[in-house]
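What TrEMBL annotates here:
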type	residues	note
TRANSMEM	28-53	transmembrane segment
TRANSMEM	59-77	transmembrane segment
TRANSMEM	89-109	transmembrane segment
TRANSMEM	121-142	transmembrane segment
TRANSMEM	149-170	transmembrane segment
TRANSMEM	182-201	transmembrane segment
TRANSMEM	208-228	transmembrane segment
TRANSMEM	248-268	transmembrane segment
TRANSMEM	342-361	transmembrane segment
TRANSMEM	367-388	transmembrane segment
TRANSMEM	400-420	transmembrane segment
TRANSMEM	426-446	transmembrane segment
Amino acid sequence: MQDNAAHRHRHHEDVIYRLEDKPAFTPALLAATQHLLAAFVNIIAPAIVIGAALGLGPYVPYLIATSLFVSGGATWIQSQKVGPVGSGLLSLQGTSFAFVAALITSGKIAQEGGATPEEVLATIFGVCAVASFIEIGIAYALPWLRRVITPVVSGSVVVLIGMSLILVSIRDIGGGVGAADFGNGTNVMLAAFVVAVILGCQFSTNPMIRVSSIVIGLVTGTLLALFTGNVASPNFSGVPIVSVPIPFRFGLAFDWVSFIPIAFMFVITSLETMGDITGTSRVSGEPTEGKVFEERVKGGVLADGVNSLLAALFATFPNTTFSQNTGVVQLTGVASRHVGRYIAVILVILGLFPILGAVLQQIPRPVLGGSTFVMFSLIVVSGIRIIGSQHMTKKDTITVALSVGMGLGVQLLPDVLNFLPPLWKQIFSSGITTGGLTAILCGLLLPEHVRRPALQAQPSEAS
């Protein structure tokens, strides 16, 4: 308790504007801008990546716009707290990358069944709407969840998420699915340039440049592609300049095969949100234990579920808290939740312009692939850090080995499951599902400690 109090006191000294302070317009807007720079690419990229993987090109501008719009509303709910929903901290919410691999798999399953693009989206959003209730329920069962989904389980799943997404990045680096010049040296060099720019920014002494590294990488990479003639001529015909997102735009459908991996991801992101809120509380000089803290965690996870439900109804992908924005709070010293209003309003306004989404869709695939390669690789590292956050026992080592091995195995060669009925093969060909269930079973069934027989001293023979 004394260590926690000392930790809070130290962060109180670093915080310029505390949780309930109301900064003037200029400092509040500057702080909001830094949060947006840190989160903007992460909010829009899932729509671009999923759209490209599933061939949803004409719908991507709308999906980008709704991602921004809903992220704004979700940030308002999370930071301002609506009834029991929300942490009441300066926590930005946005479209989650954690779901991308599962959503692409869901879309491909629907396509294999002959679904049209609109039917694919209806299935994705319907499944997400139903699965979001799992996270809403989890908010009321957090102590139980911590016992079942340990850091070893969640870390192993996060590693698998990152590894599955890296494959998506590599495809984009090559030029994108179906590109006539796939693997062209120019494509790879463009991506390498973007990676180099991002790395250079990450090691800059200027904190603003570090926060904006992904945005800077995308902008400079796109400019280089433009100057070298590697940007396709844009076609904005049929894309409205201004449009208000419409609930149930594509309708809602449901598929059990798609539901299981997506439902599992809601469990994992619940744990990530708990970690994000703990981190934000710490850097804001707020308590990280006790009743106030527990209520904030509960409200934050509840907001994740409610906001993901709203996202599905407004035709976009699940929302979660963004961990990088905890770093922005620490960087700026601005922990005021009132800044969340500025962030939310700006995102909602940006979401009213589908033409912005159409412009962002023109980012060359190798440029996008270079930036997402860095982000997805960092997801793998994040999973490794989660696993390493506790002392590794023999049981933990075996759990990680089996879950990651099983997850990667079925993802790389799903035909190994040909002995299963088609429905179960589709379910378990998801590395996230197979790896996650393996980790949970290992955690529940393997013994905590291995009893070793005592070594008996051998009687020495008389010489």
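From the backbone N, Cα and C atoms, a Cβ is placed for every residue, glycine too.
Long-range Cβ contacts of the transmembrane segment (342-361) within its own chain (Cβ-Cβ under 8 Å, at least 6 residues beyond either end) map to 28-29, 31-32, 35-36, 43-44, 47-48, 51, 57, 60-73, 75-76, 79, 92, 234, 236, 239-245. Highest Cβ pair count under 8 Å relative to the transmembrane segment (248-268), across stretches 28-53, 89-109, 121-142, 149-170, 208-228: 121-142. Same-chain residues lying 6 or more positions outside the transmembrane segment (59-77) and placing a CB less than 8 Å from one of its CB atoms are 43-44, 46-48, 50-52, 85-86, 91-95, 117-118, 121, 239, 243, 245, 249, 303, 306-307, 310-311, 314-317, 319, 340-341, 343-358, 360-361. Note: the stretches the transmembrane segment (400-420) and the transmembrane segment (208-228) are not in contact (fewer than 3 CB pairs below 8 A, sequence gap of 6 or more). Of the candidate ranges 28-53, 89-109, 208-228, 367-388, 89-109 has the most C-beta pairs within less than 8 angstroms of the transmembrane segment (426-446). When each of 28-53, 89-109, 182-201, 208-228, 367-388 is checked for Cβ pairs under 8 Å to the transmembrane segment (149-170), 367-388 comes out on top. Here the transmembrane segment (182-201) touches the transmembrane segment (367-388). Their Cβ atoms form 3 or more pairs under 8 Å, with each pair 6 or more residues apart.
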